[in-house]
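The block underneath contains the structure these notes are about, expressed in structure tokens.
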Amino acid sequence: MDQDTGETPPPNAGKIAACWARVRTRLRQEVGDVEYRNWLRQMSLAGVEGESVLIHLPTRFLRDWVRDHYGDRLRLLCQAEMPGVRLVELRVQAASRAEKAAIEQEVAEASPLAESLAPAAATPAMAEPVRNDWLVPLDPRFTFDSFVVGKPNEFAHACARRVAEKPAQAGFNPLFLYGGVGLGKTHLMHAIAWSLRERDPNLSVAYMSAEKFMYRFIAALRSHNTMEFKTQLRSVHVLMVDDLQFLIGKDNTQEEFFHTFNALIDAGKQIIISADKAPNDLSGIEDRLRTRLSGGIVADLHATTYELRLSILQSKATISGVEVPPRVQELLARKIASNVRDLEGALNRVVAHAKLFGRPVTLESVPEVLSDILRAHDKRLSIDDIQRKVAEHYNIRLTEMASARRSRAVARPRQVAMYLAKQLTSRSLPEIGRRFGNRDHTTVLHAVNKITELMAEDPAFAEDVTLLRKMLEM
Ligand SMILES: Nc1ncnc2c1ncn2[C@@H]1O[C@H](COP(=O)(O)OP(=O)(O)OP(=O)(O)O)[C@@H](O)[C@H]1O
């Protein structure tokens with residue numbers, strides 16, 4: 001009689017149990033103790049039905065994990081040990097008391113390697129994930145769906161997707177994301193977390209900034225509660241730490257992070273780190289930590305390209321529900337090249353303005369709404385730039401800008417260039433004159449007045465000059 005269930009086991013149950021024990025042993029030998037302990041030891045044999053072996057696992061996440069990572073191997077071992085068996089069926093069901101006891105027994109007999117893990121890491125985490133709100137403040141906007149992929153971020157994005165689909169895979173652990181400010185590191189980390197939690201709500205995913213890690217650690221030290229801090233962190237399945245560069249020079253916190261990192265990686269948990277630089281360029285980080293940080297995959301987010309900025313604007317404009325004409329998107333994508341955060345900020349302001357005043361977004365209204373932002377991002381236009389662009393536009397030689405020739409074919413473009421130099425740079429009239437073949441400031445003034453006049457008289461000419469100006473401003 002089974003003491004746990006009160007049922008009489010079927011006659012061949014002993015034989016099947018022995019076969020199952022051999023399957024487990026062989027699996028353990030093949031994958032190693034650490035991997036076995038993390039992913040496989042909670043399997044329990046539920047029986048054999050026809051040609052199928054039924055195996056229970058306590059959570060959907062574990063069931064999927066075992067199926068995806070060990071399914072084939074498990075089937076082959078079962079076929080080898082149990083004649084007549086062709087299939088393995090994995091089901092989600094909590095283990096009975098007897099099964100739990102067997103698992104505990106197995107943990108007690110675990111290898112020296114498993115026992116040498118930091119004590120807190122030995123907590124069986126899979127069945128009872130520790131939930132701590134401070135570990136997971138995720139931004140609902142930062143998902144894979146809202147992340148726009150382009151050349152500069154496609155590798156980092158592909159790595160993030162991979163980790164979200166198959167966490168803790170060899171070669172992808174840790175995942176180290178780096179890049180300049182506002183390029184999407186945090187966004188990608190949150191997207192991984194959302195994706196993992198969507199697939200298994202029981203999975204405990206911890207996301208925190210390195211700064212938060214430090215404050216929590218210091219608070220734990222002060223309250224003599226470091227054990228709880230360690231236990232909380234080491235019981236998670238996936239740990240994400242954002243802006244690791246914050247730990248530079250914080251020796252004690254770095255040391256603690258190093259131990260947490262090791263304990264989790266050795267226990268087969270996934271770690272995701274972000275920083276502003278690649279591990280090798282993070283000066284002030286201990287060499288041993290640097291080495292471990294580079295031990296998985298390192299992916300960088302490059303500065304955005306015009307095309308990516310445009311795609312991001314298109315995507316965010318659609319979400320905003322306000323019509324943002326393509327020309328306005330092009331203007332913003334050209335002007336605000338620093339990072340996505342700034343680009344988003346500019347778009348948000350344009351959208352908020354349109355909603356508040358009920359006015360459409362136009363190419364004319366944007367420079368006004370964003371005057372401060374655009375000024376800050378203005379590339380300093382030089383008189384050289386203007387002369388080159390104007391000469392190119394009117395198909396004359398650049399040297400004509402400074403020549404003494406007075407024929408209309410060169411004099412008018414020269415006047416346009418002087419006019420634009422006055423409009424688009426902060427140079428004085430005498431300074432501009434000097435750059436146009438040492439002309440007097442009154443000649444520049446005359447050019448400015450003449451062009452203003454012609455623009456008022458001739459719409460086609462005005463359009464031409466306005467176009468030139470826009471091209472220069474972009
Ligand atoms: N490819 C992208 N698609 C959509 N939005 C993006 C993309 N890249 C960045 N963003 C947005 O830009 C903003 C800044 O991104 P995020 O906070 O992830 O940058 P970061 O690299 O973590 O910056 P920091 O180094 O300052 O922490 C966020 O609102 C994010 O949603």
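Cβ coordinates come from backbone N, Cα and C, glycine included.
Per TrEMBL, the features are as follows:
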type: REGION; residues: 1-102; note: region 'Domain I, interacts with DnaA modulators'
type: DOMAIN; residues: 171-301; note: domain 'AAA+ ATPase'
type: BINDING; residues: Gly182, Gly184, Lys185, Thr186; note: ATP binding site
type: REGION; residues: 355-474; note: region 'Domain IV, binds dsDNA'
type: DOMAIN; residues: 382-451; note: domain 'Chromosomal replication initiator DnaA C-terminal'
The sparsest Cβ environment within 10 Å, among the binding-site residues Gly182, Gly184, is found at Gly182
Surrounding the recorded ATP site, with Cβ no more than 8 Å from the Cβ centroid of Gly182, Gly184, Lys185, Thr186 and those residues left out, we find Gly179, Val181, Leu183, His187, Leu188, Ser274, Leu301, Val340, Arg341
Can you break down the domain 'Chromosomal replication initiator DnaA C-terminal' (382-451) into helix, strand and coil residue counts using DSSP? 51 helix, 0 strand, 19 coil
Across all chains shown, how many C-beta atoms besides its own are within 10 angstroms of the C-beta of Lys185 (ATP binding site)? 26
Using Cβ atoms only, which residues of the same chain lie under 8 Å from Thr186 (ATP binding site) while being at least 6 residues apart in sequence? Asp139, Phe142, Asp242, Ser274
DSSP-wise, what's the residue breakdown of the region 'Domain I, interacts with DnaA modulators' (1-102) into helix, strand and coil? 55 helix, 18 strand, 29 coil
